[in-house]
Structures are given as C-alpha cells and as structure tokens.
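Here is what TrEMBL says about this protein:
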- 247: active site, proton acceptor (ACT_SITE)
- 24, 165, 247, 250: glyoxylate binding site (BINDING)
- 77-79, 106, 128, 130, 156, 223, 245, 278-282, 301-302: FMN binding site (BINDING)
- 1-352: domain 'FMN hydroxy acid dehydrogenase' (DOMAIN)
C-alpha cells in the first residue's frame, strides 16, 4: 500500500528500526507531555476558509534569509541519521536538494560536512551548532561551514544539559561511545578512530553571542526560544532569526507547545527578524496554521527520520512531497494564492 500521510511513515519506521533506535528518535523528556502537546495543540486551531477566489494558480514558494525555497517546509537539525539509514545525512541532503528546501545539518551528524556538501552541492544548507566548551573547536567548525557554503548558523539554546529522556536511560543509550562524531574531531584527529561527544557549554549566555558574531559573517538564528522575553533579547543582540522550538519535547517537559509559544514570540520581534517554527508539524494544515500565526517557515524533525528509515533518500523526498502537496491543498481550499496571503484571519482558536 502507498504511503499517503506522514503517520504512514511513522508506523513503518517503527517496524523497521530496533527498539533502542526507535525509542531514541521518538522519545520525549519526562512524561512526554510536551512531545504529545506539540501535535495536539494544532488541533485546537480551526480554519476560516474564504471562497469564490481565483485559485487556479497557487504558489507555495517563499524566501528565508534571502534564499528562495519551493515551500515553507524545511528540515530541522537532528543527529545520527545513520541510525535510520546507512547513508545517513547524505541521503537527507540529496532529498532536500531535490525538493529545493533548506536542510539544517546537525553538529552531531554521522557523516562529515564535506561528504554532505559533496553529495548535494546545490542544496541550501544551514548549520546547527551546539556551543562547545572548547572555543577553538567552535571557531574551527564555524570556519569549516562557512568555507563549505553553508548559508546560516543555527545556535541551539535549549540544551545547557540534556533533558531527562527516560527511554534512553532505560535502554542505556550511549551515543558518546557508539557513534563516531566526525565533525567534532580536530584536524590532527581527523584520521583517528572515535572521539567521544564533546561537552556542550552550560555557561553559554547572551553575552557570548557577540563573540560568535565576531568570527562569522553568517546570519545567526537562535533555536529553542519560547518566550517574548527571550525573543526581545534576541532582537537586542542583533540575531537574524528565531526558531520557536521546544526540541521536540526532548528537553524540558511541560513547556508550551511550539505553536502555542509562536504568537508571543512573533509579537515580541515586531517584524524585525524572521521567526520559524518546529515541533508537531504533521499535516499541510499544520503548516498553514503556523504561517497564519506569523511563522515564515516550518521545520520537520522526526518525520524526516521516519522517511529515511523507510526508504532512505526516496523516503525523505516522499515525506516532503506529501507535506508540500497537502499544504498546496490547504492554501487552495482556504483561498490563498501565495504564502503572502496567509494571515491571522484564516484561523481561530477552538473553545473546546
């Protein structure tokens, strides 16, 4: 039977992957409340379609950080894609290039940055950085991604420490010793065997952004912002974008669902910087609702890994195409001929 929606890939991926790998990909922090709420919160929003509009031509294209993409549906940074498919991030990168959308490559990719770029040289790539204790290592990574043509630097701010992921603790998951983190090796170690995961710097704070800005010309995006207070600080510190995200519910449980946090963040930045969203996107309607509440683009995490686990590169392409087609349908049936026409009037919050 054909895959017709993203949850079809979820069901198949669960059958294909080992329990430990599945738990690692799917697991949330704590009781998993936020992970589930990310999805459920979208169902509290209703659509208000407008009819008798000429929707014979509907254009899903948009622009993020000055770069054109085919639709406001891109790929979040997730690590260790080789857990899902042998070619790992190289398959993901090729699928993103074919779909003409942005792929944020994780610090904890299981393929080298050079291999990822070589396999999809025309793809739009951003790089996600977990700021490490070793400043020289941070600087080397940033210089590498600049030289390789990455177009933005995404700083994850919500992981001063790892969240309480019960499944991984029960399964005794130890990615530090089981996987090779090729991009966290210094040049002298580049031919060595295995380097354990470098330590994320828990002291990283707002004042450190100026140092990062001093060593790169890339636009800086902060991933993990959930409040208006932090959004205002992001603007004050001259970053170029925010990804509203709770890390897929994998960090602090019982925070706001991403879509519920979006409104206050968008209001706080007052149009000065672009705002994106990740967390809970499963349908074209979810994409439409996110844009109606002010997101410039959405990013997908787990569904990309489901597609990868099922069919590799082709599976990721199918996940992206299904969501793009659903979004096109959602736009058409609400009377939106371009993403610029998607606005707050298209939705209302359910009283249920």
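The backbone N, Cα and C atoms fix where each Cβ goes, glycine too.
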(Q) Sequence gap of 6 or more, Cβ distance under 8 Å: name the residues on the same chain that satisfy this around residue 247 (active site, proton acceptor), in order along the sequence. (A) 156, 158, 159, 163, 224, 279
Q | Cβ contacts of residue 77 (FMN binding site) (under 8 Å, same chain, 6 or more positions away) | A | 104, 105, 106, 107, 128, 154, 156, 223
Q. Taking the centroid of the Cβ atoms of 24, 165, 247, 250 as the glyoxylate site, which other residues of that chain lie with their Cβ within 8 Å of it, listed in sequence order?
A. 27, 28, 29, 162, 163, 168, 248, 249, 251
Q.
As a test of the contact definition, list every same-chain residue at least 6 positions from residue 281 (FMN binding site) whose Cβ is closer than 8 Å to its Cβ.
A. 73, 287, 290, 298, 299, 300, 303, 323
Q: Would you count the other C-beta atoms found within 10 angstroms of the C-beta of residue 79 (FMN binding site) for me?
A: 21
(Q) Among the binding-site residues 165, 250, which residue has the fewest other Cβ atoms within 10 Å of its own Cβ? (A) 165
Q. What Cα-Cα separation, expressed in whole Å, is found between residue 165 (glyoxylate binding site) and residue 245 (FMN binding site)?
A. 17
Q: Please find which two of 24, 165, 247, 250 have the most distant C-alpha atoms, given that the record lists them as binding glyoxylate, and give only that distance in angstrom, rounded to a whole number.
A: 13
(Q) My understanding is the cutoff is Cβ-Cβ under 8 Å with a sequence separation of 6 or more in the same chain; which residues meet that for residue 24 (glyoxylate binding site)? (A) 80, 83, 167, 168, 171, 173
Q.
I'm trying to understand the geometry here, so how far is the Cα atom of residue 301 (FMN binding site) from the Cα atom of residue 250 (glyoxylate binding site), in Å to the nearest whole number?
A. 12
Q: Drop a 10 Å sphere on every Cβ of the binding-site residues 279, 301 and tell me which sphere holds the fewest other Cβ atoms.
A: 301
